[in-house]
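Engineer: My questions will all concern the structure given below.
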C-alpha cells in the first residue's frame with residue numbers, strides 16, 4: 001500500500017479532510033522531488049534498476065562537499081547576474097544609438113532596451129526542457145558562448161535592424177543561466193536550506209538590472225554606446241572561462257542515465273535502466289514531452305499561472321522604472337547622463353536590503369511555520385510575500401507624488417527603495433515556492449513558465465511608461481500602478497492557505 005493510501009485509510013471524518021488534502025499534497029511534492037537528486041528506497045522487484053548507492057552516495061550532487069555545492073551556487077548566481085546586467089546596461093547609452101541611427105520614435109527607442117527581454121521570455125521555453133533532457137552543464141556552456149558572440153555583434157552593429165536582431169539573440173542565450181540556475185540550486189541544496197542559496201541567485205534578476213545603468217552611465221557619457229557592449233563582452237567572457245573550469249553536471253536524472261549507460265557497457269546487460277527512462281519511449285519522443293512541460297505547467301496549474309502573473313507584473317514595474325528614471329530625473333531635477341545613474345540607487349538599495357532580509361528570514365520562517373504541522377510545507381515560503389507585498393503600492397504612491405511636486409530628489413529615490421524591497425520579497429518567495437512545490441526534476445520548467453510571463457511583462461509594460469506619464473503625470477500615473485499592485489496582494493494570502501489543496505486538485509503529470 002502506498003504512503004498516500006495509508007494516509008487516506010488512517011483518518012476518518014470530514015473534519016480531517018483538509019489535513020488529508022494537505023498531507024497528500026505534501027507527499028506528491030516529495031514524490032516529485034525524490035526522483036532527481038534525493039535518494040529513494042531501491043526497488044527490490046527490479047534488479048535492473050540503476051539508482052544512487054544509498055543515501056550517502058558521494059556522486060549524488062546533494063552529497064557533494066559543501067565547498068563544491070556552494071561553488072555551483074556562486075557560478076549560477078554570477079552567470080545570471082551578468083545576463084541581467086546586460087538587460088539594462090544599455091539604457092543610459094540608448095540616446096546616443098538613437099542619434100547615430102536616426103531613431104525618432106519613442107516606442108522604437110524603448111524597444112532597443114526591452115527587446116532583450118523578449119529573448120528572455122521565449123528562450124526558457126526551449127532551454128529549460130533541454131536542460132532536463134541533456135543536463136544543465138551543456139546549456140550553461142552553449143548559452144554563455146553564444147552570449148559573448150552576439151555581444152560582439154551588438155557592439156559592431158551597422159544599422160538599427162542588425163542591432164535589434166543581435167540584441168534579441170543575446171537575450172535568448174542570456175536567458176539560459178537564469179532559467180536553469182534555480183534548477184541547479186535544487187540539484188545541490190535540500191529544500192530546508194534553499195532560501196539563502198536562492199537569495200544569492202536573486203542578485204541576478206533583481207540586482208542586475210539596477211547595476212547595469214550604474215556601471216554603464218559613465219561609459220556612455222565618456223566613451224560611446226558601443227563600448228558598453230565591449231565591456232560587457234569582456235566581463236562575460238571571463239565568467240564563461242571560469243564556468244568551463246569549475247562547473248560540472250548537477251542534474252540527477254542525467255547523471256543516473258550516464259551511470260546506467262556505463263554499467264550496460266561494462267556488464268553487457270542491456271536491461272539496466274533508471275526510472276527516468278520510459279520503456280518504449282524514444283529519445284526524440286522524450287525530448288518532445290520535455291519541450292511541452294513549461295507550457296503545460298503554465299496552462300494547467302493555477303498556482304504557476306497566477307503567481308507567475310503576479311511576478312510578471314512586479315518585474316514589469318521594475319523595468320518600467322529602469323527605462324524611465326533617466327528621463328524623469330533629467331526633466332524634473334536636471335540630472336546629467338552620468339548623474340542619471342544615481343537615480344537607480346534607491347531601487348538598488350531596496351533590493352539589497354530585501355535580499356539580505358530574505359536570506360536571513362526565508363528558511364527560518366519556513367521551518368518555523370512547517371514545524372506546526374511536523375512536515376515540510378512549500379506554502380510556508382509565501383509568508384514573507386504576505387507580509388511585504390503591501391510595501392510595493394506604498395512605494396509607488398511615495399515616488400509618484402514626490403517626483404511630481406519636485407520635492408528634493410532624495411525623497412523619490414527613498415520611495416523607490418521601498419518598491420525595490422517589496423519587489424524582492426514578492427518575486428523571491430514565488431521562485432523558491434515553485435522550486436519546492438514541484439521538486440528538482442522539473443524545477444527548471446516551473447521557473448521557465450514563470451520567466452516567460454515575467455520577461456514578456458518586462459518587454460512590453462515599459463513601452464506604456466512614457467505614454468502613461470504623459471497622459472496622467474507622474475503623480476496619478478504611479479498612483480494607478482500602485483492601486484493595481486494593491487489588487488494583487490490577496491494572491492499570496494490565498495495560496496498560503498489553499499496552495500496545498502490546489503496542488504492536489506490540479507496535478508501536473510510529467
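Note: Cβ is positioned from N, Cα and C throughout, glycine not excepted.
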Engineer: Quick test of your reading of TrEMBL: among 273-297, 298-322, where does it put transmembrane segment?
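Structural biologist: The listed stretch tagged transmembrane segment in TrEMBL is 298-322.
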Engineer: So which range, 44-64, 107-127, gets flagged transmembrane segment in TrEMBL?
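Structural biologist: Spelled out, TrEMBL records transmembrane segment over residues 107-127, not the other listed ranges.
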Engineer: With TrEMBL as the source, which of 5-32, 229-256 is set down as transmembrane segment?
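Structural biologist: Within the set 5-32, 229-256, TrEMBL attaches transmembrane segment to 229-256.
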Engineer: If I take every residue in the domain 'Major facilitator superfamily (MFS) profile' (72-510) and average their pLDDT values, what number comes out?
Structural biologist: 85
